Structure formats: structure tokens, C-alpha cells
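Asker: Input: one structure, supplied below.
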Amino acid sequence: MANIVAIVGRPNVGKSTLFNRLTESRKAIVDDFSGVTRDRHYEMAEWIGKKFTVIDTGGFVHGSDDVFEEAIRNQVHIAIDEASVILFMVDVTTGITDLDDEIADLLRRTSKPVYVVANKVDHARRTHESAEFYAFGLGEIYNISSITGSGTGELLDAVVSHFPEEKEEEEVNLPKLAIVGRPNVGKSSLTNALLGKERNIVTDIAGTTRDSIRIHYNQFGNEFLLIDTAGLRRKNKVNEDIEFYSVMRTIKALEDSDVVILMLDANDGIESQDINIFHLAEKNKKGVMIVVNKWDTIEKDHKTTKEFESRIREKISPFTDVPIIFTSVTEKQRIFKVVEKAMEVYANKTKKIPTSKLNDVMLEVIQNYPPPAIKGKYIKVKYITQLPGRSPMFAFFCNLPQYIKEPYKRFIENKLREHFDFTGVPIQIYFRQK
Ligand code: GDP
Ligand code: GDP
């Protein structure tokens, strides 16, 4: 089950300000390496140890004024279907508008948790003014100021009360793979090609507590659950916001999976949306690999693959230790390689390095290249252990952990990758007091 919080509301009420506060990100991050402007409208957030994804629906409204009302209505419908909790944001300085009323009408019909968030309550005196929002008939009003952050703690306490303490353990312990990517890159073609014609495959239709379809794959010595997003496209809704909808589905599949197979169209390369998904997978500590599909449509010489690969690695930097595979689903080129690699990534994600081996290798690395002394003080690493967890985490016990700087951590990470193969897997490294 994915924990998705959607912020809905008309323009200018403060949705993106709240989004930034909850995710501590700036709206657009210009990446020095790639020159790509990352417009992040969805991002992982955490409150009292519970993780969830926040979506700023306003980020998906493009175009002129007359299209946005329609777009907002569409988003509210999608949020009602797909989100776990909905924050309906209104502006205390303007009071109720017609569009607010329309949104409230839609939200009154859902049984999903909806919180009315009165924003811009910057001073206590505005608390009284927000009482008018009780007229929506949507229950309690949460007064907040997105700019100062006041009131957001109480709101978040209420929001995360809907999320389970820990993700429930799965009844089956099979690797879960999700093929994600923009529309038309070839996700469903790949799914179909993998499953083949003979359906010795059991389809596990989504029940009430699960929200994606999982297909049990067991062929050629590989067994896993494929989380299907492509098959879940809603057929009967016209005019809906495809981009917003597909992002919602992608986030759910991503949260539900162990390994994310990010598929690109070779003709488009890697775009900012893809980088966002990649970043979200990394932040969620998922295994990741990249598949460049429709490779048959590209004119190639002996350098094409290398060049393509290095362009992608530049853009996903600094986490570049991920498999990149070039496929043609229609020509059946390297599609089983995708499965093999994904299973390798899963193995890397779940492997445990024996403590003695870890210490033998890494203590020597550190001896040969110790952390720089600071103010005449030397940092001594005593021993290293891999911590229990769903993805690789290592604790380096030493005398002065506070003196370890980011570049040294990166150096250690690279050495761990070099010696133990964690391709496709984010690693966490902690220096701790001993
Ligand atoms: P969105 O269109 O709903 O995403 O709204 P924005 O987050 O872009 O905010 C619209 C305007 O309201 C901006 O000028 C913000 O600085 C301002 N704003 C947002 N939150 C607050 C708040 O808590 N108090 C005040 N006074 N202004 C706010
Ligand atoms: P999805 O939206 O990501 O699920 O994409 P589809 O699987 O529906 O594929 C979109 C289109 O791309 C279809 O017309 C496919 O036949 C085509 N397609 C998929 N894979 C390839 C490929 O490797 N090469 C070429 N040339 N076309 C492909």
C-alpha cells in the first residue's frame, strides 16, 4: 500500500509553498551537471518516522485560465481515486470562492480522509476568520501558515495517523519488480513479451487492500512478482489528466516494489520526468535499473551505445552505479537480459556481507587512505558492520564521527561498490561513535 498525500485546491492558495515545506525542496532545482530543470511536484516526506509521498497537484496544471478549472476538477477526481489522504487547501485571506465550493462538492462524496487546510493563517487573529470554511461540511479546519510552518505539525499528526506503523510484511517473499516510465515507451509491450502467449501465469487481481496488479512470473529459473502499471490505464475516462494520472500510478508501483525498471524511449533520451522518478526511487531506497527501449529505431555506429550511456549517467549523477540496458521489445532484443539484471539488482539489494570480510577489506582501504585529520585530531575507524534493513546500510564505528565529511563518505561508498558490487542499489553509510 502506498501512502500518497495529494494537495488539492485552486491556484495561489499556497499549495506549492506547503509542498516545499513538507519535502524541504525548492520548486525547481537546476542541476549543475545536466542543466536540467527539475520541477518536482511529488517528493518523499517523513513525519514521526512515517514515510509518504506528497503531490502538489497545482504543478500539473498547464495552459490558460479557461482550461485550468477543468484541469483542477479532473485532478480532484483522480486524487479521490488514487490518493490515500487529500488535503483541500483554501486561503483565509480571500475566503470561499466559487471554485472552492465546486471542489468541496466533489470532495464531500468521497469516503477517503479529506482535511480542510486553511492556509495563510499567519496571525492568531486570522484563526477566527477561518471558521467560515466549516460551511463546506467537510469537518474540522486545520489552520496553518505554510510560510512560517505554524499548524503544520498538528496537520501532519492527523495525516500520518492513516498510515500503518510499518509496512506490513509480505505474505510471499518474492522480489517485486515494477516497470515504470512515461506513456508509450513500451512498458506494456515488455510486459506482454515477458509473459509470452502461454499463460502459465497467475494474475493476482487487486483486492481491496492492494492497489496494483501483481503478476506472478516464474520462468527460466527466475521467479518474481511484476507490478503492473501499464495494464491499469483507465479506459473509460476521456479528457483526463494523463500526466497526473500516470505519475500517481508510477508512485504507487514504485513504493510497492523492490526494484524499479525505469524505461525510456531511445528517441527521447532521459527527460526531467524520468530523472524525478529515478530520484524518487533512490530516495525510497529501491533498486533501480534503466532500460533504453526502441533501440531498433536508432541509427548506430560503434560509439552510439557508449555515448548514450554516458549521457544518461551524467544526468542521474551522483548515483550512477546502475545497470543500463538497450532493448528492442518489438525485435525481442535483450528483453530477458532486463529480467536477469533486475534479479541481480535485487540480489545486490538484499545481500549481507560477512562482517569479517567487510572489516578485512574496508579497514585496509581506510588504513591506506584515512580520513583527513581535523585540527590535529586523527579519526580512527575501529570496526564496521552492516546494519539489518531492506537495503544496504553500514555503520563505521570510530572515535570522532562528527569530523567525517561528505567527500570521504563518498569515497567509502565508492570503495564498497568496487569491492562488493551494489550495482543498482542506494547505500547508506553512517559513522558512529565508538
Ligand atoms: P499555489 O498556486 O496554490 O501552489 O500557491 P503558492 O504556493 O504558489 O502560493 C501563492 C502565494 O501565496 C505566494 O505568493 C506565496 O508566497 C503565498 N503564500 C503561501 N503560503 C502562505 C502563507 O502561509 N501566508 C502568506 N501570507 N502567504 C502565503
Ligand atoms: P506503454 O505506454 O509504455 O505501455 O507503451 P506500449 O507498450 O503501449 O508501446 C507504445 C508503442 O511503442 C507501441 O506502438 C509499441 O508497438 C511500440 N514499441 C514498443 N517497444 C518498441 C520497440 O522496441 N521498438 C519499436 N520500434 N517500437 C516499440
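In case you wondered, yes, glycine gets a Cβ from its N, Cα and C as well.
Sharing the record's features from TrEMBL:
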type	residues	note
BINDING	9-16, 56-60, 119-122	GTP 1 binding site
BINDING	181-188, 228-232, 293-296	GTP 2 binding site
DOMAIN	3-167	domain 'EngA-type G'
DOMAIN	175-350	domain 'EngA-type G'
Asker: From the binding-site residues listed here (GLY9, ASN12, LYS15, THR57, VAL121), select those whose CB sits under 6 A from an atom of ligand 2.
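Answerer: Those binding-site residues that pass the cut-off are none, since no Cβ is under 6 Å from ligand 2.
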Asker: I'd like to know which of the binding-site residues listed (ASN12, LYS15, VAL121, GLY181, ASN184, LYS187) lie near ligand 1, counting only a CB under 6 Å away.
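Answerer: Once distances to ligand 1 are taken from each Cβ, ASN12, LYS15 fall under 6 Å.
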Asker: Do any residues at least six apart in sequence from VAL121 (GTP 1 binding site), in the same chain, have a Cβ closer than 8 Å to its Cβ, and if so which, in order?
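Answerer: Expected: VAL92, THR127, GLU129, SER130, ASN143, ILE144, SER145, SER150, GLY151.
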Asker: Could you tally the C-beta atoms, other than its own, that fall within 10 angstroms of the C-beta of LYS187 (GTP 2 binding site)?
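Answerer: Total other Cβ atoms inside 10 Å, all chains included: 23.
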